[in-house]
Ligand code: PGA
């Protein structure tokens, strides 16, 4: 059975102090021994070590929101995967819609980062998802196909132990609009079948596909109950312990069923 992953994407939010308080609250909630679900926080780069030190020894892991595809060197403003592993960071979010649409990252850019992060031994959370206009014009599956094909080009099946896919419909991110459980399930099923066709039934079955887009305590359980939803990538609601913890608990309860 696939183990739920509940990941918090803090985006460009928190201060050192507020992030530390949030991390402390989460670390005291998630046990270090055999936690039922995998929990991850992805703070902004300047706070990664502070947050990492706080959650180390708990059941909460920490990851980055981006990385660069080159080895350390003359790349002003970028962060190398070697630096992430150096500070004990184990995961990286790649291809987030804000990086695609605000920072104009292409599938080719994302693919370079995916390959570099995998080489570095990081867990990659590859985000894919359609715009509202693309959904309205029935392009959802075509967009997912393009983003999966582009993002995973040249990635060998052997790397899938390190890969998590996050389906994040862009129209549901930070908008309060959530995909209905049926819409989420349909997209997740498409992605799982994509993995089966492009890789293998075993890889499709073992790979976790997270849902992201306005996940909150009151919709988490219904979304996570869908057969092909294996966790959540949470933005806004991951910034408050009193919202993020109930989402983790929803996943814990469902894992016990
Ligand atoms: P949201 O963001 O939960 O605030 O919609 C999700 C994400 O961007 O990962």
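From the backbone N, Cα and C atoms, a Cβ is placed for every residue, glycine too.
Residues or ranges marked as active site, electrophile in TrEMBL: 96. Of all Cβ atoms in the protein chains displayed, 28 besides its own lie within 10 Å of the Cβ of residue 96 (active site, electrophile).
DSSP gives residue 168 (active site, proton acceptor) a coil state; it is part of no helix or strand. Long-range Cβ contacts of residue 168 (active site, proton acceptor) within its own chain (separation 6+, distance under 8 Å): 96, 97, 127, 128, 129, 211, 212, 213, 233. Positions annotated as active site, proton acceptor by TrEMBL: 168.
Residue 11 (substrate binding site): 19 other CB atoms within 10 A of its CB, across all protein chains. Annotation comment: TrEMBL describes 9, 10, 11, 174, 214, 235, 236 as substrate binding site.
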Close-lying binding-site residues around ligand 1 among 9, 11, 174, 214, 235, where CB distance stays under 6 Å:
9, 174, 214, 235
Additional residues surrounding substrate, by Cβ distance to the 9, 10, 11, 174, 214, 235, 236 centre under 8 Å:
13, 173, 234, 237, 238, 239
Looking at Cβ-Cβ distances, which residues of the chain lie under 8 angstroms from residue 10 (substrate binding site) while being 6 or more apart from it?
19, 41, 42, 43, 44, 65, 238, 239
Going along the chain, which residues six or more apart from residue 9 (substrate binding site) have their CB under 8 A from its CB?
42, 65, 93, 96, 212, 233, 234, 235, 238
Looking at the binding-site residues 174, 236, which sits with the largest number of other Cβ atoms within 10 Å of its Cβ?
236
